[in-house]
Amino acid sequence: HSFFPSCLLIEEERHVRANDRNYNDKFFYADNHIKTSKYNVFTFLPINLFEQFQRVANAYFLVLLILQLIPEISSLPWVTTTVPLVMVLVITAVKDATDDYFRYKSDQQVNNRQSQVLRGVLQNEKWMNVRVGDIIKLENNQFVAADILLLSSSEPYGLFNCVFSLGEVICEAPNNKLDKFKGTLYWRGSKFPLDNEKMLLRGCVLRNTDWCFGMVIFAGLQTKLMQNCGRTTLKRTSIDKLMNTLVLWIFGFLVCMGVILAIGNTIWEQEVGRSFQVYLPWERPVSNNNAVFSGFLTFWSYIIILNTVVPISLYVSVEVIRLGHSYFINWDGKMYYGQKDTPAEARTTTLNEELGQVEFIFSDKTGTLTQNIMVFNKCSINGNTYGDVYDEFGHKVEVSERTACVDFSFNPLSDRKFTFHDSSLVEAIKMEEPSVQEFFRLLALCHTVMSEEKNEGDLLYQAQSPDEGALVSAARNFGFVFRSRTPETITLYEMGTAVTYQLLAILDFNNVRKRMSVIVRNPAGQTKLYCKGADTIIFDRLDPSNEDLMDTTSEHLNEFAGEGLRTLALAYKVLDRDFFEEWMTRLLLASTVMENREQRLADLYEEIETGLLLLGATAVEDKLQEGVPETIACLTLANIKIWVLTGDKLETAMNIGYSCNMLRDDMNEVFIISGHTAAEVQQQLRSAREHILGLSRVSNTADEEKTEMFSNDSVFEETIIAEYALIVNGHSLAHALEPELEQVLLETACLCKTVICCRVTPMQKAQVVELVKTNKMAVTLAIGDGANDVSMIRTAHIGVGISGQEGMQAVLASDYSFAQFRYLQRLLLVHGRWSYFRMCNFLFYFFYKNFAFTLVHFWFGFFCGFSAQTVYDQWFITLFNIVYTSLPVLAMGLFDQDVNEANSHRYPGLYRPGQLNLLFNKRQFFLCTLQGIVTSFLLFFVPYGAFSLGVRADGLHLSDQQSFAVTIATSLVIVVSVQMGMVCYLAVYFAILLAMQSDGLFSIFPSQFPYIGTARSCLAQWSVWLVILLTTAVCVLPGMAVRFLKTDLYPTLTDKVRRLQKASRKQGPREQNLRRVRRTSSRRSGYAFSHQQGYGELITSGKNMKVGQY
């Protein structure tokens, strides 16, 4: 230990002393400095170059550069490879440096935040200077600087009020478990157990507390937040993977050409070259008449000359195009949400073209399809429903913005933002109907909401779920105002009168109970239990005398469920005082035991929550976001399958499915998988699949094999005309995702038009996405708005975050983000489809032009004795990819459109080619290779044939090598530009050509610009222009004819839309048969409780109470 710092060892437990840096520094704990940037000024160049040369293409060109420095094999100067390679390295380095600089600025901003550290007196310190063991002070709305143990706070019911010195904490080593912490505080000879409730984690914000003090336990990279920031896996598109394969194929093709030409050189030197040794003496290495060695050297020479067939500028061009597409998304005003000042953001530049190939969308429901803003809509009290509006004839009226709202002016503490349209409920309140008053009294008492009142009557509710906030706000407006609370009391204003209830116990919510209760004592001394929860749970605990009321309320709940509302039932019970005192004694005893504590408490809760009297039910609306049904319908027409993965209960998810038109009454069948065992789930899935496939039963192995064959055939999936939906419950999904059942689940789900999974955990969301991603070989997209969607977003090929009500966790983990679900349609059908179309066109023409350019050397080899002589001027070779043809092909990759954005929305079927990967695949690559080979053949042999017999106007021959090179180069640039439709860029070529072959540059650099005057002399001859014109026509016209005939005789949907667009016919958008159905389900809708466990204990402990509330 004396020679090795403990940071090099595995830390098993942590020892921290308060305000004792000398002691704590012995353990070499991490400081609070955060560094996410990769480079600094000194390490940038070596590290970045090392990273860049790990890419195969860059390493390959570095090897070529080294080969070019060997004079025996190089017929090209080193500059032809150096200039493109240096440009690629510089552009990539600038991009990497820019990205890292922004990371560095972000680090600096965080590290330089100020924190108050106690060192005798409070003094300001930067976050990066905070150390383990320091005592820091936090104030309201401040970020927590590190993982700290809470010692004292402004609240009188705080945890510890201890001296900030001499204490020592022994705790667990740093880990990434956010919900667990184990430790012991040793202070003044006593031991205090520490758990997660006594910790404040880095990144949190202090709320509802004026100040607090805490001791730093974990700092910097060892905090739980940073421990959870695992490396995000690099997402690569299918085109990326294809490009790597194609580059390897091209390299193999290059080697084959080199071998052919090397064999040709060996044969030529053996048979012909010997006769010319007087004129062409062999160099020293081959002076021993070794033709084979000459062929070996020629092989490497041709590898150098033909290297441009593997384009070095390809990867940089692709990155530039992707960056441009990302900016188009960021700049799109039609994806900007003005209400929250939120633009769309492409948070990655590597996935744009894959947005045009999505086949599966996995969507969260709450906050993604819905607004996650809850509105108290209707209720049922004592068998009467409230919330509907009727006209003077007793007919129900559809509520709209024009419908008159209830006047709450009688209540000075009402929330002006709250709206309700049924005035009969206010009348019942004013008439002091006991059941109605008790109903709203329950809503005002049974919750975990915190109240803030900065100004008199200006109430602000802090609710841990939007449902709770909506219900407490409803009670507030109907005259039962929750005003304040302490750990022992709740103060209400009931119809203007202050009433304080003694809070005796909170029976907290959890996922098993699906309900919460409070026990209070009113000023009259009466003890009551108020309970709210899922209706199925509450109804099982009602007193038998409530059966008729339960039946009536159940009918009302079915009506509410049919409208997609989130429901819960309310009940109460008057408790005998003696019984309650005895029960409370047992509760306190059970809460202090260490073994089986949770079960004992659950049994006690169960005992007292019986014999309840039903009050009624509430119905809260989680409104759909604008344009959700239309977006889903349009994406469905684009053959995109949408699966909803939600934590909500089955009935609520189904109702939202009907609201979104994902589920419809005219569907052939809606299968619900709700088995509790693996065998039940397997049987239900198989039954559903057999029903879809039209098989009444699977009687023998042969039939079963036939079923497997059909269900695995994606073509068969598409032949199913009938529409089916599959709904899987959470406990059933857990079985269905087991290895032996996951294929059955996948096969059945892929046969259905709609899939909804409810009560899904974040891990299950990721497992479902991974299942489809792995087995279907299809591009997946996950979209969500909350922390529970992060795993799904990271697992999918493309992750989209919606900046909504649940914070920014989903956005920070996503690849793309925006504010509304409806923008997904534009992201995919416009930006995604265009990006895919442009990238495919770019790659096709990029490979085509490089084959046409490079293979001219191959044909020339047969006429120059396979001597590795180049056809073109060295500067043309250097500038062909980075200047002459880079701008046209980049412009096409950035701005080309097949159809405009309006028609992209109007005809969703245009999206289909991207899903089938039709625009650029191995077949398309072979076609562009073949076209490039043919073009190179014509580019060489048409001028060769014309020049072999032609003469200039003055009688001199045209056939000197330099004129021949200029003619072929000019023809090549014109042919490539015409093929891409970018003829305007020819001016750049001629300007550079004439400059480089001018007297001026030759006189300055005679060895670098040997083609003096060639361009002026050659291009002044009309016969040369005729040859160029003939070559261009022969190269271009056949391809144009084929495209014309194909478009005319076998038009694709794109061709048809393009023709309509060209004719400027004004055609309205395709009408969708979208019927908003009113659901009349017989299924009871239980309350989709969005609570979390633990808030009741938090309130009764007083840890979140403010002084001002007393």
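Every residue, even glycine, has its Cβ placed from backbone N, Cα and C.
What TrEMBL says about a protein is an automatic prediction, not a curated fact.
The annotation transmembrane segment is assigned in TrEMBL to 76-94 (among others).
Sequence-distant contacts of the transmembrane segment (246-268) (same chain, six or more residues past either end, CB-CB distance under 8 Å): 56-57, 60, 291-292, 294-296, 298-300, 302-303, 306-307, 309-310, 314, 847, 855, 858, 861-862, 865-868, 922, 925. Look at TrEMBL and you will find 246-268 (among others) tagged as transmembrane segment.
Annotation source TrEMBL lists transmembrane segment at 299-318 (among others). Sequence-distant contacts of the transmembrane segment (299-318) (same chain, six or more residues past either end, CB-CB distance under 8 Å): 55, 57-58, 60-61, 64, 67-68, 70, 73-76, 81, 84-85, 87-88, 91-92, 243, 247, 250-251, 253-255, 257-259, 261-262, 839, 842, 846-847, 850-851, 853-855, 857-858, 861, 868, 870, 877, 880-882, 886, 889-890, 893.
Its Cβ placed at the centre, Arg566 (ATP binding site) has 30 other Cβ atoms within 10 Å. TrEMBL lists Asp364, Lys365, Thr366, Glu468, Phe509, Lys532, Arg566, Thr646, Gly647, Asp648, Arg759, Lys765, Asn788, Asp789 with the feature ATP binding site.
For Asp364, the entry in TrEMBL reads active site, 4-aspartylphosphate intermediate. Long-range Cβ neighbours of Asp364 (ATP binding site) (same chain, at least 6 residues apart, Cβ-Cβ under 8 Å): Val644, Leu645, Thr646, Lys765, Ile783, Gly784, Asp785, Gly786, Asn788, Asp789, Met792.
Residues or ranges marked as domain 'P-type ATPase C-terminal' in TrEMBL: 811-1052.
Annotated transmembrane segment per TrEMBL: 842-863 (among others), in sequence order.
Residues or ranges marked as transmembrane segment by TrEMBL: 875-895 (among others).
Sequence annotations record features per position, and here TrEMBL assigns transmembrane segment to 925-944 (among others). Sequence-distant contacts of the transmembrane segment (925-944), counting only residues of its own chain at least 6 positions beyond either end whose CB sits under 8 Å from a CB of the stretch, comprise 246, 249, 844-845, 847-856, 858-860, 863, 871, 964, 967-968, 971-972, 975, 1027, 1030-1031, 1034-1035, 1039.
Annotation source TrEMBL lists transmembrane segment at 964-995 (among others).
Taken from TrEMBL, the feature transmembrane segment applies to 1024-1045 (among others). For the transmembrane segment (1024-1045), the residues of the chain that approach it from at least six positions outside its boundaries are 931, 935, 938-939, 942-943, 946-947, 950, 958, 963, 967, 970-971, 974-975, 978-979, 1018, judged by C-beta separation under 8 angstroms.
What TrEMBL records for 1061-1087 is region 'Disordered'.
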Cβ atoms near Arg759 (ATP binding site) (within 10 Å, other residues, all chains):
20
Compare all C-alpha positions of Asp364, Lys365, Thr366, Glu468, Phe509, Lys532, Arg566, Thr646, Gly647, Asp648, Arg759, Lys765, Asn788, Asp789, the record's ATP binders, and send over the largest distance in angstrom.
29
So if I draw a 10 Å sphere around the Cβ of Phe509 (ATP binding site), how many other Cβ atoms end up inside it?
23
On a count of neighbouring CB atoms within 10 A, which of the binding-site residues Thr366, Gly647, Asn788 is highest?
Thr366
Take every residue in the domain 'P-type ATPase C-terminal' (811-1052), average their pLDDT values, and give the whole-number result.
85
